[in-house]
Amino acid sequence: MGIIKGVLFSIVLINLSLVVFCGYPRRPVDVPFWKNYEPSWASHHIKFLNGGTTTDLILDRSSGAGFQSKKSYLFGHFSMKMRLVGGDSAGVVTAFYLSSNNAEHDEIDFEFLGNRTGQPYILQTNVFTGGKGNREQRIYLWFDPTKGYHSYSVLWNTYLIVIFVDDVPIRAFKNSKDLGVKFPFNQPMKIYSSLWDADDWATRGGLEKTNWANAPFTASYTSFHVDGCEAATPQEVQVCNTKGMKWWDQKAFQDLDALQYRRLRWVRQKYTVYNYCTDKARYPVPPPECTKDRDI
């Protein structure tokens, strides 16, 4: 009887380990704004509700607004839930991104490009490494991002960067140093978000202008989750670069699993608006990382 119980207990442990290491980031922890963030500009255009569990950015003719993380990080999992500007939002951009602060900077971007009433939002992502970007991908979302809060997150380790929308991977950027492509592995980044007027380019290449009669525009945020390796000194950077020390370094997070690849392919086939990897006019020879990222 004892042997049977032991076997059953072992099976339970194995099943639990499969659940924990299934290839998806840990479930975000809902925390208020002030735990991890602070205003970065135009604090008079930021509203804090319910003790900071909900935060609104306001855009009008006089100003937009933005906030940033208090700490810098090298690798981790970063997410927040957002409800985008509703109605006629042409010309308005809401951004959530990670960025280092130097000339040859690294950056991981979400940019939500507003549109005329009834037209879908476009989500543009981009990855800068060593100051080089030009890796734009644009998709439509499969839901209305103005009707409720949805999760947007980044998983970043030494192997790859994965960008998620509601746990669906919409982009993977793998470490392609072996192909001569730089990868962000030694420059800590802060997390930023902002709401601003970009009607010179955001909607139909700048043809659609912001309708200020609809101002103020509001983007709302909640669940300010940060689970990263803090790095403010060279010594801390070295510690964060020690592989295997954190959960995001484990084998399950070194690549997408089969289900995640199917979901990524679903996004590619049904919702892609633009992908730099397949823009032959711009890149007659696809950039080297595109094959490894399964974008072509």
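Each Cβ is built from the backbone N, Cα and C atoms, and glycine gets one as well.
Keep in mind it's a predicted model, so treat the numbers as computed, not measured.
Residues annotated as signal peptide in Swiss-Prot, with sequence analysis given as evidence: 1-22.
Among the features that Swiss-Prot reports, active site, nucleophile is placed at GLU107, with the record citing sequence analysis. On its own chain, GLU107 (active site, nucleophile) has TYR97, LEU98, SER99, SER100, ASN126, VAL127, PHE128, GLY133, MET189 as residues at least 6 apart in sequence with a Cβ closer than 8 Å to its own Cβ. In the three-state DSSP reading, GLU107 (active site, nucleophile) counts as strand.
Annotation for ASP109 (site 'Important for catalytic activity'): same-chain Cβ neighbours under 8 Å, separated by at least 6 residues, are ALA95, TYR97, GLN124, THR125, ASN126, VAL127, PHE128. The site 'Important for catalytic activity' annotation in Swiss-Prot covers ASP109.
Per Swiss-Prot, active site, proton donor is recorded for GLU111. Within 10 Å of the C-beta atom of GLU111 (active site, proton donor) sit 19 other C-beta atoms, taking all shown protein chains into account.
Spatially close to GLU136 (xyloglucan binding site) yet at least six residues away along the chain are GLN124, THR125, ASN126, TYR274, TYR276, judged by Cβ distances under 8 angstroms. The annotation xyloglucan binding site is assigned in Swiss-Prot to GLU111, GLN124, THR125, ASN126, ASN134, ARG135, GLU136, ASP200, TRP201, GLY205, ARG282 on the grounds of similarity to another entry.
If you look up Swiss-Prot, you'll see ASN115 marked as N-linked glycosylation site, on the strength of sequence analysis. The Cβ of ASN115 (N-linked glycosylation site) has 19 other Cβ atoms within 10 Å, all protein chains considered.
Sequence annotations record features per position, and here Swiss-Prot assigns disulfide bond to CYS229-CYS240 (among others). The Cβ neighbour count for CYS240 (disulfide bond), using a 10 Å radius over every protein chain in view, is 21.
Of all the Cβ atoms in the protein chains shown, 19 others lie within 10 Å of the Cβ of CYS290 (disulfide bond). Among the features that Swiss-Prot reports, disulfide bond is placed at CYS277-CYS290 (among others), with the record citing similarity to another entry.
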CYS240 (disulfide bond) and ARG282 (xyloglucan binding site), distance between Cα atoms, whole Å: 36
Between CYS277 (disulfide bond) and TRP201 (xyloglucan binding site), the C-alpha gap once rounded to whole angstrom: 21
Candidate recorded positions ASN134, TRP201, CYS290, pick with smallest Cα gap to ASN115 (N-linked glycosylation site): TRP201
Pairwise CA distance, ASN134 (xyloglucan binding site) versus CYS290 (disulfide bond), rounded so that it is a whole Å: 13
Rounded Cα separation (Å) that holds between GLU111 (active site, proton donor) and TRP201 (xyloglucan binding site): 12
Rounded Cα-Cα span from CYS240 (disulfide bond) to TRP201 (xyloglucan binding site), Å: 37
